[in-house]
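Annotation comment: TrEMBL describes B:143-206, B:207-265 as domain 'CBS'. Sequence annotations record features per position, and here TrEMBL assigns transmembrane segment to B:289-311, B:317-342, B:363-384, B:390-416, B:428-451.
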Protein chains: 2
Amino acid sequence: MVQQLQLSIGDKAFQELNEALEHGVSPELRRMLNGLPAPDAAHLLESSPPKLRSLLWRLIDREMEGDVLQELSDEVRQFFLDRMNVAELKAITEGQDVDDIADLLQQLPGTITRKVLDSMDSQDRQRVEVVLSYPEDTAGGLMNTDVITIRPSSTLDVVLRYLRRHQDIPEMTDSLFVVNRRDEYIGALPLSVLLTTDPSATVFEVMQTDLKPIAADMEDSQVAQVFERRDLVSAPVISENGQLLGRITIDDVVDVIREEAEHSMMSMAGLDDDEDTFAPALKTARRRAVWLGINLITAFIAASVIGMFQATIDKVVALAVLMPIVAGMGGNAGGQALTLVIRGMALGQISRTNLKWLLSRELMAGFLNGILWAALVSLIAYLWFRDPIISMVIACAMVINLSTAVIVGASLPVILKSMKIDPALAGTIILTTVSDVVGFLSFLGLATLFYS
Amino acid sequence: MVQQLQLSIGDKAFQELNEALEHGVSPELRRMLNGLPAPDAAHLLESSPPKLRSLLWRLIDREMEGDVLQELSDEVRQFFLDRMNVAELKAITEGQDVDDIADLLQQLPGTITRKVLDSMDSQDRQRVEVVLSYPEDTAGGLMNTDVITIRPSSTLDVVLRYLRRHQDIPEMTDSLFVVNRRDEYIGALPLSVLLTTDPSATVFEVMQTDLKPIAADMEDSQVAQVFERRDLVSAPVISENGQLLGRITIDDVVDVIREEAEHSMMSMAGLDDDEDTFAPALKTARRRAVWLGINLITAFIAASVIGMFQATIDKVVALAVLMPIVAGMGGNAGGQALTLVIRGMALGQISRTNLKWLLSRELMAGFLNGILWAALVSLIAYLWFRDPIISMVIACAMVINLSTAVIVGASLPVILKSMKIDPALAGTIILTTVSDVVGFLSFLGLATLFYS
């Protein structure tokens, strides 16, 4: 049954290795592991509990370690980086792309980063330092510096001969970038144009200027939107004064898109998007304790609201039976509004111009559902307890709570974001608090009025 | 404040248009709208409430409609498709990629699809029919049929001259595909190799065979994993007997990745991942009603558990005050386990070999947090109500409920998936039911034992 969950990427080697694993360590296992492409070996490490993970890591050949580390998620990578000395760190950066080296170095303590940088040759060091000078979550932090540049005055024939002198061109090169004498980006020459145009044409004549360069300080989520909208494979990154600094490729953007999309879901459960699925129990428990502790405060706030109405509950115990329904339905309705708006914001759909419409739509939808379910719940409550007061009170409380919850759910992400607070993380907690408090307060409060 | 939420993709035109919009319809507005790249116009439509959306759509030029439709999400696109006649539908498919036409046609009723197909020339129709013969969520449904194929015996020089006879080559072509006489895929010639190798070499000598072709019936989520792992820009799609059918490009895979990542978050709130952010209130209310109705059943199940213990609550009303804490904390802890496992499954990390470890880790982490928070809640409960029994009972109930909830949360996705039920959608509801029922049952049940 669970068998079919096994990842099958059409790579038999991966499955065979997984089977070999069940029979313990062997030279055969080592051979198979090191025969895997680095991303698959990394995936195997990420899918392994701690002990097995350390064991597998020791089996990986030195020269493969750097490639595997690049493919690991931050948290798992950190574990291995922490256990390496400077010489080992130097070794794994060799032959890596500049942006990947920068990623690694950013995870190390400052003094060690310095030591590794000092050990690199000056050209490489300079390149890495350029990338390191930009925050990790900007275009500058994402970019690579391996760019083939050409001059506008060259003919395509010259460009073709120039390329032929290369052993290889950088991966994901779909365009060559055209720069002027001051190294300023002025256009792009797609390989497709290079291959289909008369070689006697000059670069200037056929280059495309509609591929807008990306500013080095653009946020990575915006870079992702540009790539998605324009269906780009690579794009030039420029400095403030227009100089070409490097190039961003779609493979790095895909990682941004996945992380961003996962972030909201994980945050809503108080998890980090980089969370190691196979972290040890103690670490897991410690991390989650924080989130549970915050939720406990919420729970006690709700409890204290109930506490105010103990006398009423003592009089009509049916209130205790029904009160979680009011609170819960508010939480569910609000959660839908919250999730929809968080997704809309991630897609860049929510703005000043449409927010008002969205909020009134949510209020209307929440109110309609409030009426609908209030009627049903009210009927069931009456049939259950044969008490018209309780039946009427729960109906009013549900309409109040559902309407409040959807308005809070829909507006929270916008308010939190403008305060630079993560909407997914804080939004869920605040919404729960509000729907519990308003739910209990309206239901028990109205009941107290009518039963006194 | 909200201003800064405005999407800024470095495209001034987009912002200007948004401002022009506030001043009503004008020829200027029409000109600006039609001057936008199609993806931006589509984004503007998606970010607009219904009335404005229809208005903008009417302003879009006929020849741009097809491009804009391609970029819309299914639900918004459906709205416009439903309002088009066959002649309009024919017009918008002209000049579109085969995979995009297939996407459109799949959204139309069968009879209309047939009419549009009949109106196409026979070569185009055949191509679209090939793509239509595969389900939308498979490699076959994702692929495009515009592929440049070459023969292994040609020299690179011949290939270069062949390319130069093209006006243009298909977008995102980073490799030419090599086929034998039976049209079977045998390898790929990356443009980078073509450009850096001596033109007298034959294709056979320099082609790469490590780019494995993708079977047409592979699920799109697996295709996405292959692209992510191998950092691909394009990949060949083959039929069962090895014949080259077409090619998948990264731009379509990026859409799959984003939809997949969004799907879990939206499902957990009972929303469709294709949900229109600006759907009208009535439509929104109707859709959400289903989810709220199911949650109401859950809520009544929980209420009926409480109902069994009315006598005990009547005796000790403090139980009613504290019971939501026990249920809520279980729901939170279980939700974390559920989310982590759903993400792990999406990443292909969970398998038969590591599931047992994962479940015992979750149980251990849940138990540890149970003990920790039980101790604190027990203390607070004692200080609040000065009743050692209630203090002890709530501690036991919390350990029971947190441990149960994490085990249920962690195992549900795996069980549901093996039953082909969406883990995110059903998992959240079942988990809430379990954590409420177990929470109320253990807390009120134990209390009944000790107070009787």
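Here, residue 1 is simply the first one shown, and the rest follow in order.
Note: Cβ is positioned from N, Cα and C throughout, glycine not excepted.
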The domain 'CBS' (B:207-265): DSSP-derived helix, strand, coil residue counts: 27 helix, 16 strand, 16 coil
Secondary structure tally of the domain 'CBS' (B:143-206) (DSSP, helix then strand then coil): 19 helix, 17 strand, 28 coil
Long-range Cβ neighbours of the transmembrane segment (B:289-311) (under 8 Å; 6 or more residues past either end): 269-271, 319, 323, 327, 429, 432-433, 436-437, 440-441, 444-445, 447-448
Surrounding residues of the transmembrane segment (B:363-384) on its own chain - C-beta under 8 Å, 6+ positions past either end: 318, 322, 325, 329, 333, 337, 390-392, 394-396, 398-403, 405-407
Average model confidence [pLDDT] within the domain 'CBS' (B:143-206): 94
